[in-house]
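*Asks:* Found this in TrEMBL, in case it helps:
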DOMAIN    96-285  domain 'Major facilitator superfamily (MFS) profile'
TRANSMEM  99-123  transmembrane segment
TRANSMEM  129-150  transmembrane segment
TRANSMEM  162-187  transmembrane segment
TRANSMEM  199-221  transmembrane segment
TRANSMEM  233-257  transmembrane segment
TRANSMEM  263-284  transmembrane segment
Amino acid sequence: MAGASSWVEARDRHASLLRCSTPVVFQDRILFIHQQGTCVVYEGHCAAGAKRSAFLSSWVECHPQVMKVSSMPGSSSAGSTPAVAAPPAGAVPRHALRLLGAAVAVIGAGQAIQVAIVPGLIAATGIDAATLGLLVALGVLPFMVGAPLWGRLSDRFGRRPVLLAGLVGAALAHALFAGAADLLAAGRISHGTGLGVMIVSRLIFGVAGSAIYPVGQAWAVDLAGPERRLAAAGALAAGLSVGRLAGPAVALALLMVGPVAPLWGLSAIGAASAVLVVVGLGGAA
């Protein structure tokens, strides 16, 4: 039987091919699927039974990018080499990048709109400019702490649930702030109560919103693979910039309805993005 060294020797002989291949574990084989469809099969004949399985497991642990599949198209039996039809390595579904870019744009738009509506909020609520400025800044501070924490949580629990939590939390925070501003403008709550609710809402936005960009970017990089990770990260950065550019225009349009309408609009957009993540990216999780 061939030892573990035979695997290394075979891998080295195909080094130029493997560098641009996608490794897939199928049953007790490791397949390296080249971008052009070439399939190199390495059988697990280094040992029998448990030792063979342990070798495969240790190899996969050292190569976290390996995909594991239980069945392959065209495989007629456990002992036959399956016929593999694989997409090009690093290919990313365009709709996935668009949806992730839209989710990230929500954060960019939210930051821009919060600044754009300050004059209207001053007139409607009676809160002075300095206090509103501090409220806006309060929502940004948690980003410095929250972003790396959310990244670690997404590594542990998955990208989709963490991104979904960020989008839903940000949408609720915008709705809470908008509701407090409306009630304060109508005189239904005291100045202190309204200000307290706004402070809480901005903290919620900062904590939840800090998950959206890093987790969305990590998800895009996961889908892209090592060869196109920079392109995927760039696409998400572009989505953030689009949101920041579109935010003032959205605020201007919604200010025609009322001084707090842009915040309600942001809440609706965030909720819609959460739905798109659940429905449109369910298969990509």
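Heads up, the Cβ atoms here are built off N, Cα and C, so glycines get one too.
Distances, neighbours, how buried they are, the whole picture for these features please.
*Replies:* With a cut-off of 8 Å between Cβ atoms, the residues of this chain six or more beyond the transmembrane segment (129-150) that come close are 111, 114-115, 118, 121-122, 162, 166, 173, 195, 198-199, 202-203, 205-207, 209-211, 213-215.
Long-range neighbours of the transmembrane segment (162-187) within the same chain, counting only residues 6 or more positions beyond its ends whose Cβ lies under 8 Å from a Cβ of the stretch, are 103, 106-107, 110, 121, 124-127, 139, 150, 153-154, 193-194, 197-198, 200-202, 204-205, 207-212, 215-216, 219, 259-260, 263-264, 266-271, 273-274, 277-278.
Long-range contacts of the transmembrane segment (263-284) within its own chain (CB-CB distance under 8 A, at least 6 residues past either end) are made by residues 93, 95-96, 99-100, 102-103, 106, 109-110, 113, 117, 160, 163-164, 167-168, 170-172, 174-175, 177-178, 181, 219, 223, 250, 254.
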*Asks:* Who are the long-range neighbours of the transmembrane segment (99-123) in its own chain, taking Cβ under 8 Å and residues 6 or more past its ends?
*Replies:* 129, 132-133, 136, 139-140, 163, 167, 170, 174, 181, 205, 209, 212-213, 216-217, 219-220, 235-236, 238-248, 250-252, 255, 259-260, 262-263, 265-266, 269-270, 273, 276-277, 280-281
*Asks:* How about long-range neighbours of the transmembrane segment (199-221): same chain, 6 or more residues beyond its ends, C-beta under 8 Å?
*Replies:* 92, 96-97, 100-101, 103-104, 106-107, 110, 135-136, 138-143, 145-148, 150-151, 153-155, 159-160, 162-163, 165-170, 172-174, 176-177, 180, 229, 232-233, 235-237, 239-240, 281, 284
